[in-house]
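Colleague: Here it is: the structure, laid out below.
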Amino acid sequence: MSIANFSLHLLTSRWYMAFSSLMILFMSGATFIFGLYSGDIKSKFGYDQTTLNLISFFKDLGGNLAIISGLIMEIVPPRAILAIGAILNFFGYFMIWLGVTGRISKPHVWQMCLYICIGANSQSFANTGGTVTCVKNFPANRGIVLGLLKGAVGLSGAIMTQLYLGFYGDKKGESLILLVAWLPVLVSCIFLPSIRIMKVIQQENDVKMFFNLLFVSLGLAIFLLIMIIIQKKFTFNRVEYVLSGVVVLVLIFSPLVLVIREEFNIWKSKKGLVSSDISQLNASIQVENPPSSKTNWSLCFKSAFNQPERGEDHTILQAFFNIDMLILFVATTFGVGGTLTSIDNLGQIGKALGYPDSSISTFVSLVSIWNYLGRVSSGFASEILLSKYNFPRPLMLTLVLLLSCIGHLLIAFGVRNSLYVSSVLMGFCFGAQWPLILSIISELFGLKYYATLYNFGSVASPIGGYILNVRVAGHLYDKEALKQLEAKGIFTRKIGEVLNCVGVQCYKQAFLIISGATFVGSIVSLILVLRTRKFYATDIYKKFKQESQVIQDTIVTSRENN
């Protein structure tokens, strides 16, 4: 009976919910490995670089047009959000797989854009359902939570690559597309029943538990890094690929041991309460989603320009019309848009600069690792600096944007072997921006409508991606490629013929523009630092600490009465 009681406690616990979110997000970053199968799409359908970048833009649009999932989550539970995401994931990527393998007639460009947009949009549902739920369940550790969970998303590209090699044992892009179609759906269906919003007492060792989870995920990242390097140096057979995939699965599930141990200790401490006290305690554990039927939309519109204090709960419209949100939106557009352009074009940049295919594959694979390290580093470091020294998160965002400028300039000037360094910087900076941006939004505008506000910040990414990737990088690449064709005496390009460019000039002008845009983004971010310096000089988590203390006092009183 005790085993059954503990099992029920575990499956409905806060830490198992966090573990379930971690598992779902480990499989939700298929957009980061677009570079591994984009070449198959380009060669199969005879696209030029502008067309491929257009498809890439719709991938980014789908991945970041997440405000839809946020609005839906305001009225439905997180598990419904995850279920919708699973359906979108399977449909979008399965249709792409059918097209690439020739099982359906060649899709039009608009159809490919639609399919990849739908498939990538599933990532926003997984992120909203998992990450927002965890932030609300651990409000006093939101920077750490965002760093860990967004890091899981960043690591998922390398995880799925290793699992795909273990399952299929080949390097055909079409097999990877098929894996992306079915694996995230399976994982979501298994773990989504555990995802729910709770208002739970903060435990003394919450931070310690998060650091333990961080160490486990670091071990996973190190293993993936070692495997990527070894697999580029040596040829693996089928059995070796399977073994590496098994080790990855073991490491992925290893946090469950920590969760069971932690929840067992919590369960034992609860056994000292009588049933009436447990009922009283459970009464304070409520879902925070506001019922849509009670929302006074007329009042919301009237109060849109009546701004609350920073840190208080803003309505959706109050946040949208807030100057701080506008500033953060602009900084995100240039910052994330620039690094996203670098990552999406990494394969083409490597080919243009004459790197061997093995090195290009390594660049793309390692971006996922550095993306992960950037996310966990900024999330954990910013939380520690904020709690100990009141170091404002917007200032750290400014520093990250300035660091990414160095990576853009290295690509622009094509310094010999510099793509190794720039790929590290791009992956790290792209990852580091997200926990900072999303934490800043939660801190400035509150958690009541965080599901929507969380995703509003992501909308800036595809806008920046379209401007800098499609209109700048793609256009200037094709322009230079046509010049090279004319230099060879070819003045008319055949329809469907692949358009390739070779040399430093292919991306030089584009990344000089991107460097300038990112620098502007850092200046805009610095304005936010100045506007919020007084706010970050205070204890911004005081409200949550007080709420937690009230519940702790209730438990202590109950035990004393017993």
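Quick reminder: no glycine exception, Cβ is built from N, Cα and C everywhere.
Not my notes, these are from TrEMBL:
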| type | residues | note |
| --- | --- | --- |
| DOMAIN | 14-259 | domain 'Nodulin-like' |
| DOMAIN | 322-537 | domain 'NFD4 C-terminal' |
| TRANSMEM | 15-39 | transmembrane segment |
| TRANSMEM | 51-73 | transmembrane segment |
| TRANSMEM | 79-100 | transmembrane segment |
| TRANSMEM | 144-164 | transmembrane segment |
| TRANSMEM | 176-198 | transmembrane segment |
| TRANSMEM | 242-260 | transmembrane segment |
| TRANSMEM | 319-340 | transmembrane segment |
| TRANSMEM | 352-373 | transmembrane segment |
| TRANSMEM | 394-413 | transmembrane segment |
| TRANSMEM | 419-437 | transmembrane segment |
| TRANSMEM | 449-468 | transmembrane segment |
| TRANSMEM | 510-530 | transmembrane segment |
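Tell me about the surroundings of these features in the structure.
Modeller: Long-range contacts of the transmembrane segment (51-73) within its own chain (CB-CB distance under 8 A, at least 6 residues past either end) are made by residues 31, 34, 38, 41-42, 80-81, 84-85, 92, 109, 112-114, 116-121, 123-125, 127-129, 132, 289, 340, 344-345, 451-456, 458-462, 465-466, 469-470, 473-474.
Within its own chain, the transmembrane segment (242-260) has Cβ neighbours under 8 Å at 10, 13, 15-16, 18-19, 22-23, 26, 159, 162-163, 165-167, 169, 209, 212-213, 216-217, 219-220, 223-224, 227, 231, 236, counting only residues six or more beyond its boundaries.
Long-range contacts of the transmembrane segment (319-340) within the same chain: residues 60, 304-305, 307, 310, 394, 397, 400-401, 404, 407-408, 426, 429-430, 433-434, 437, 440-441, 444-445, 449, 453, 456-457, 459-461, 463-465, 467-469, 514-515, 517-518, 520-522, 524-525, 527-528, 531-532, each at least 6 residues beyond the stretch ends and with a Cβ under 8 Å from a Cβ of the stretch.
Same-chain residues lying 6+ beyond the ends of the transmembrane segment (394-413) with a Cβ under 8 Å from its Cβ atoms: 328, 331, 334-335, 338-339, 342, 349, 378, 381-382, 385, 419, 421-422, 424-426, 428-430, 432-433, 436-437, 440, 504, 507-512, 514-515, 518-519, 521-522, 525-526, 528-529, 532, 536.
The list of residues near the transmembrane segment (419-437) in space but at least 6 beyond its ends in sequence, with Cβ under 8 angstroms from a Cβ of it, reads 143, 146-147, 150-151, 154, 328, 332, 335-336, 339-340, 342-343, 346, 349-350, 353, 355, 359, 363, 366-375, 377-379, 382, 393-394, 396-397, 400-401, 403-404, 406-408, 410-411, 457.
Non-local neighbours of the transmembrane segment (510-530) in the same chain are 324, 327-328, 330-335, 337-339, 341-342, 392, 394-395, 397-398, 401-402, 404-405, 408-409, 411-412, 440, 468, 472-473, 476-477; each lies 6+ residues outside the stretch with a CB under 8 Å from one of its CB atoms.
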Colleague: Within this structure, do the transmembrane segment (176-198) and the transmembrane segment (79-100) have 3 or more Cβ pairs under 8 angstroms, counting pairs 6 or more apart in sequence?
Modeller: yes
Colleague: Cβ pairs under 8 Å only, please: of the recorded stretches 15-39, 144-164, 449-468, which one is richest in them relative to the transmembrane segment (176-198)?
Modeller: 15-39
